[in-house]
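Notes follow the structure.
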């Protein structure tokens with residue numbers, strides 16, 4: 001019997017990196033897809049490329065930055081300053097890209113249908129629930145309903161860390177012996193991670209929560 | 001009070017042309033969006049451009065042809081011959097683009113969130129139910145569930161002709177005095193419509209069903 005295929009939405013960050021390896025560990029033939037949607041920098045995508053090459057995982061990087069004609073206003077895709085400090089509602093709402101996950105999932109599901117993959121994995125987690133409506137349990141379960149019927153082939157949307165926080169995701173990855181030097185998290189795309197933006201702070205907290213030191217270099 | 005905004009997915013064909021005018025007739029401020037997803041020809045898009053200019057409707061044409069790296073195999077986006085003759089299951093399945101409507105709707109909903117539009121209109125109709133799973137009632141109602149919760153702002157997905165056939169859509173448009181010379185339907189992009197592909201045949205049947213002659217020139 002041939003190995004079953006799945007598609008992973010892989011940003012190059014630590015969550016989707018862990019999801020990628022989890023699906024691989026579960027025995028799936030993993031197909032990674034990364035989206036360039038006009039992020040302020042493409043450093044995460046370089047990490048994604050490096051990792052998929054290292055593990056010989058088929059990888060597509062799809063440039064969908066033309067959609068910025070339609071969706072505007074997030075500090076992740078425009079020139080608004082990236083908020084510093086910990087995730088807080090007022091400032092972190094600036095990082096919301098309208099309908100981001102529905103867009104990325106719909107493309108990944110199209111890919112899954114094309115290559116006859118049974119599921120799409122993505123790295124939504126409980127830490128994002130407060131700010132991002134499209135990382136919540138109801139969103140994922142309703143997307144699953146629609147992805148069952150949108151094509152002749154049902155595709156399952158799986159978010160294995162939907163109820164886990166970053167500390168738990170990292171714990172799972174460390175238990176799989178994953179090397180987090182292969183991941184990029186910082187919202188700024190400089191040589192070293194800034195250590196100050198909300199994304200860096202969450203990452204550092206995840207390592208602290210696991211009594212570990214992040215192998216990544218910081219400014 | 002300012003006029004309420006809606007987004008219309010506008011291909012340049014007769015269904016979305018009728019939907020566009022219906023929403024306009026209902027008093028909405030209409031924002032049209034067309035997608036270039038690597039269709040075999042862009043003749044429909046030229047018609048869409050002409051119409052939106054004529055009626056002074058804001059119009060975005062978004063090139064998402066990069067997604068063809070992910071979704072392949074439809075005769076509408078590749079070099080497979082377009083099937084001739086009437087829509088029939090075996091041959092018309094070749095015209096299915098994987099997850100097409102979820103992709104287009106998710107982008108249009110992102111646009112709606114960005115410009116604070118209350119709804120996205122699209123031209124799904126009952127004639128497509130047999131072949132295209134993403135034109136069916138359950139698909140639209142489930143998409144509505146997910147579009148309520150995917151963003152801070154709920155966006156409604158409206159398919160006003162979901163239960164109508166082409167004859168009824170055309171009847172509605174003729175009652176609004178619409179000029180169907182402003183629409184393009186043929187799957188082939190030659191100077192005149194072929195009159196032979198499934199799309200042309202359906203169009204011609206719609207006119208016959210309304211005891212009218214299509215104003216468009218045929219080969």
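Placement of Cβ uses the backbone N, Cα and C atoms for every residue, glycine included.
Whatever TrEMBL says is automated annotation, not expert-curated.
Some features that TrEMBL has for this protein:
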BINDING   B:10, B:11, B:12, B:13, B:14, B:15, B:16, B:17, B:18, B:19, B:20  ATP binding site
BINDING   B:186, B:194, B:197, B:200  Zn(2+) binding site
Residue B:186 (Zn(2+) binding site) versus residue B:10 (ATP binding site) - Cα distance in angstrom: 16
Cβ neighbour count within 10 Å of residue B:200 (Zn(2+) binding site): 21
Extra residues within 8 Å (Cβ to Cβ centroid of B:10, B:11, B:12, B:13, B:14, B:15, B:16, B:17, B:18, B:19, B:20), ATP: B:48, B:123, B:183
Candidates B:20, B:197: member of the binding-site residues with the richest Cβ shell (10 Å): B:20
Cα distance (Å, whole number) from residue B:194 (Zn(2+) binding site) to residue B:12 (ATP binding site): 17
Residue B:18 (ATP binding site) in three-state DSSP notation: helix
CB within-chain contacts under 8 A for residue B:14 (ATP binding site), separation at least 6: B:166, B:169, B:170, B:173, B:180, B:183, B:185, B:203, B:206
Additional residues around Zn(2+), ordered along the sequence, whose Cβ is within 8 Å of the centroid of B:186, B:194, B:197, B:200: B:185, B:187, B:188, B:193, B:195, B:196, B:198, B:199, B:201
Count of other CB atoms lying within 10 Å of the CB belonging to residue B:16 (ATP binding site): 24
Nearest-integer angstrom distance between the alpha carbons (Cα) of residue B:197 (Zn(2+) binding site) and residue B:18 (ATP binding site): 21
Fewest other C-beta atoms within 10 angstroms, as judged across B:12, B:18, B:186, B:194, which are the binding-site residues: B:194
Distance, residue B:200 (Zn(2+) binding site) to residue B:20 (ATP binding site) (CA atoms, angstrom): 21
Distance [Cα-Cα, Å, rounded] between residue B:194 (Zn(2+) binding site) and residue B:16 (ATP binding site): 20
DSSP three-state assignment for residue B:12 (ATP binding site): coil
